[in-house]
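S.K.: Just lifted these from TrEMBL, have a look:
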type	residues	note
BINDING	ARG38, 59-63, ARG84, GLU98, SER127, 141-146	substrate binding site
BINDING	GLU57, GLU105	divalent metal cation binding site
REGION	1-31	region 'Disordered'
TRANSMEM	64-82	transmembrane segment
TRANSMEM	88-108	transmembrane segment
TRANSMEM	129-149	transmembrane segment
Amino acid sequence: MKPTTPPDRPLADPAPPPAAGAYSPADNPHKGNRGITRAWFALKNSISGIRFAIDEESAFRQELTLCAILLPCAFVIPATVVERILMLGTLVLVLIVELLNSSVEAAVDRISLEQHGLSKRAKDFGSAAVMLALLLCVGTWVAIAWPWVASLLR
């Protein structure tokens with residue numbers, strides 16, 4: 001079946017889809033920095049993101065407080081180097097996942113503040129990721145620290 005158009009408007013050919021690999025960073029006006037300049041701006045943006053998370057995200061502040069409390073504990077609890085790396089790594093993982101969750105929430109809110117099933121799903125996925133990171137952190141700390149804590153309680 002041939003598509004119909006009003007007589008005063010000719011039938012336009014749709015634009016062909018872009019070829020695979022058609023994107024080029026050279027075409028992006030926001031990708032002008034290279035080398036050490038790019039790294040410098042990336043560092044500045046990263047610090048800005050962390051500052052914004054501290055100022056605006058209460059969950060990030062709570063998790064950062066948890067990290068500040070547990071960080072010295074990781075060096076008091078007798079543990080191997082690998083166990084200590086796991087303890088500290090799970091703390092950092094919680095902060096990373098919270099930052100990613102906050103970025104998803106900000107992007108969804110940027111698109112629209114109205115209630116929508118897909119917006120809720122995206123935010124719930126981010127929240128679930130944070131919960132899993134927290135469970136991993138708690139499990140790791142309990143598994144490594146419990147024998148020491150139990151010996152103190154005897």
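Note that Cβ sites are derived from N, Cα and C of the backbone, with glycine treated the same way.
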S.K.: Could you state the whole-number distance in Å separating the C-alpha atoms of PHE60 (substrate binding site) and GLU105 (divalent metal cation binding site)?
M.R.: 13
S.K.: Rounded to the nearest Å, what's the C-alpha distance separating GLU105 (divalent metal cation binding site) and ILE144 (substrate binding site)? Just drop the number here, would you?
M.R.: 33
S.K.: How big is the Cα-to-Cα gap, in Å, between ARG84 (substrate binding site) and GLU57 (divalent metal cation binding site)?
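M.R.: Rounded to the nearest whole number, the Cα-Cα distance is 28 Å.
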S.K.: Quick check for the class: what is the C-alpha distance, in angstrom and rounded, between VAL142 (substrate binding site) and GLU57 (divalent metal cation binding site)?
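M.R.: The separation of the Cα atoms works out to 27 Å.
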S.K.: To which of the binding-site residues PHE60, TRP146 does the lowest count of other Cβ atoms within 10 Å belong?
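M.R.: Lowest Cβ count within 10 Å among the binding-site residues (PHE60, TRP146) is TRP146.
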S.K.: Considering Cα atoms only, can you say which of ARG38, SER127, TRP146 is the nearest neighbour of GLU57 (divalent metal cation binding site) among these binding-site residues?
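M.R.: Out of the listed candidates, the nearest Cα belongs to SER127.
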